[in-house]
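Please read the structure below before turning to the comments.
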Amino acid sequence: MAKYIFVTGGVVSSLGKGITAASLGRLLKSRGLSVAMQKFDPYINIDPGTMSPYQHGEVFVTEDGAETDLDLGHYERFIDVNLTKNSNVTAGKIYWSVITKERKGDYLGATVQVIPHITDEIKERVYRVAKEKNVDVVITEIGGTVGDIESLPFLEAIRQVAIEQGRENVMFIHVTLVPHLGNTGELKTKPTQHSVKELRSIGIQPDMIVCRTELPLPQELREKIALFCNVSVEAVIENRDVESIYQVPLELERQKVDEYVIKRLNLPLGQSDLKEWREYVEKEKNPEHQVEVALVGKYVDLHDAYISVVEALKHAGVYHKTAVNIRWVNAEKVNDKTVDELLKGADGILVPGGFGDRGIEGKIRAIQYARENKIPYLGLCLGMQCAVIEFARNVAGLKGANSTEFDPNTPHPVIDLMPEQKDIDEKGGTMRLGVYPCKVIEGTKAYEVYKDELVYERHRHRYEFNNQYRELLTSKGLVISGLSPDERLVEIIELKDHPYFVATQFHPEFKSRPLNPHPLFRDFVKAMLNLKINNAE
């Protein structure tokens, strides 16, 4: 029988509930327990797929093609498990499902209400993950903050789960803020007390309180929080700011959080094995080398829009004992006059995924700079499409070459809408999504990187390489090194006579892990290191 852990948040949003939940998942897994994770988001959107990155950050894509919250990326990276669409549930999905059932007549004769119909649907999603994975523990993060109107049905549902499953099989962890006053440096517990009071008023008594704080939490404050919030002192956990999110599991282990949780849920206490994780954190703290990559995008003011790319670069850097510093370059500011000033000195250039025509010409100019100056380049999704456009214009001589996404009347549509997308009007959930096989061509840089002729990667796109230009562009030197097994879709392109110029239609960043960096990022960092060493000599 699965045990259930629910992670809620109080006082303010963006406290790091996701990292806390993911870290606990890592600790439990390190003791031999199987773990599944999920996130409940109280917004009415079906998924974040159509939201602006400025509203939501990155959209993380699962193997089965769900567009999900960026916290799922943290979950996958920490517990090293591929999650599914069942791991991200929004209020929109819940209401959609209930209304659909009502229209079909599933509730015939009943007045459909928040309780029990909405709450039953939420509970079913919790249990579904446990059944799907057949795991020892399900960790569910509740998005938002206690007290939000949108969160109430979710909190009511998890209260009911505790009754149905037995209190001994359910644990509530509340993540809260303990702020300090700048003039005195005094830590204040009152916001935490009020947050827990709010939680208890709807029938949930937290079993553990994780206190986000910039300063150490003195023993007397722990005792005060324990007294006023009705938990044991050892269940008041200090969660201070750290340099790297990968230190958080070690900080929680130091305070015996995993032991407390395992004892509370009456789970077997296996031997903890965090040796490789500790080694990773140690290498991350003490790099032997440094490289700088210019990330050219249009959402560079919000780094969370590219969080999986950032983490994949970190993983690859640690593999090479190298700190990868990111130079955030706004694509809209890149042009012939500014390109040298903005990109000079970068050891590598990366153009990530994106949509729309804003900043496109800047990205194309940055790619030209990488190609002409033999700077290692990695293009992801849109970064591949822009690389094809740049090559078509400046090497193949196709003046005005473009994607029909940006210029429907381009004389040379080297990137075009996928045929199966042409009759689709709706935006949400209609792209080519999820994992697909890619055949890697022997004798190419991609094959050298993967060392495998068939790989599986995650996608999120509507547009593709236009095969009418395949023969022309390859005759001019473009190398197609990855194809769909039926050879219809171009998945990877590269250039010869270049230290590292590789671009993919898929998103390799979604499959990178701290202890297993993605090979494309690993070799990209290696190429940057080699270039830096050669230049120094």
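Quick reminder: no glycine exception, Cβ is built from N, Cα and C everywhere.
Residue environment of K224 (CTP binding site) contains 16 other Cβ atoms, counted within 10 Å of its Cβ in all protein chains. Residues or ranges marked as CTP binding site by Swiss-Prot: S13, D148, I149, E150, K188, T189, K190, P191, T192, Q193, K224.
DSSP gives Q193 (UTP binding site) a helix state. Taking the Cβ of Q193 (UTP binding site) as centre and 10 Å as the limit, one finds 16 other Cβ atoms among all the protein chains shown. Marked as UTP binding site by Swiss-Prot: S13, K188, T189, K190, P191, T192, Q193, K224.
Its Cβ placed at the centre, S14 (ATP binding site) has 10 other Cβ atoms within 10 Å. Look at Swiss-Prot and you will find S14, L15, G16, K17, G18, I19, D71, R240, D241, V242 tagged as ATP binding site, backed by sequence analysis.
Sequence-distant contacts (6 or more apart, same chain, Cβ under 8 Å) of Q385 (L-glutamine binding site) comprise S403, I415, Y463, F465, Q505. Positions annotated as L-glutamine binding site by Swiss-Prot, on the basis of sequence analysis: Y54, G354, L382, G383, M384, Q385, E405, R462.
Per Swiss-Prot, domain 'Glutamine amidotransferase type-1' is recorded for 292-534, and the stated evidence type is sequence analysis.
The active site annotation in Swiss-Prot covers H507 (among others). According to DSSP, H507 (active site) is assigned to coil rather than to any helix or strand. In the shown protein chains, 22 other C-beta atoms lie within 10 A of the C-beta of H507 (active site).
Sequence-distant neighbours of E509 (active site) (same chain, 6+ apart, CB under 8 A from its CB) are S308, V309, E311, A312, P352, L380, H518, F521. As annotated by Swiss-Prot, active site applies to E509 (among others), with the evidence given as sequence analysis.
Once the Cα atoms of S14, L15, G16, K17, G18, I19, D71, R240, D241, V242, the listed binders of ATP, are compared pairwise, the greatest separation found is 19 Å. Close to G16 (ATP binding site), meaning Cα to Cα within 10 A, are none of the binding-site residues out of K190, P191, E405, R462. A C-beta separation below 8 Å, combined with a sequence spacing of at least six in one chain, links L382 (L-glutamine binding site) to V351, P352, G353, G354, F355, K363, H461. With respect to Cβ neighbours within 10 Å, the binding-site residues G16, G18, G354, G383 differ, and G16 shows the lowest count.
Closest to T189 (UTP binding site) in space, going by CA atoms and restricting to the binding-site residues G18, D71, M384, is G18.
Sequence-distant contacts (6 or more apart, same chain, Cβ under 8 Å) of D241 (ATP binding site) comprise E214. Cβ environment of T192 (CTP binding site): G10, V11, T176, L177, V178, I209, C211, I225, C229 lie under 8 Å away, each six or more residues apart in the same chain.
The Cα atom of D71 (ATP binding site) lies nearest to that of H507, taking the recorded positions Q193, K224, M384, H507 as the candidates.
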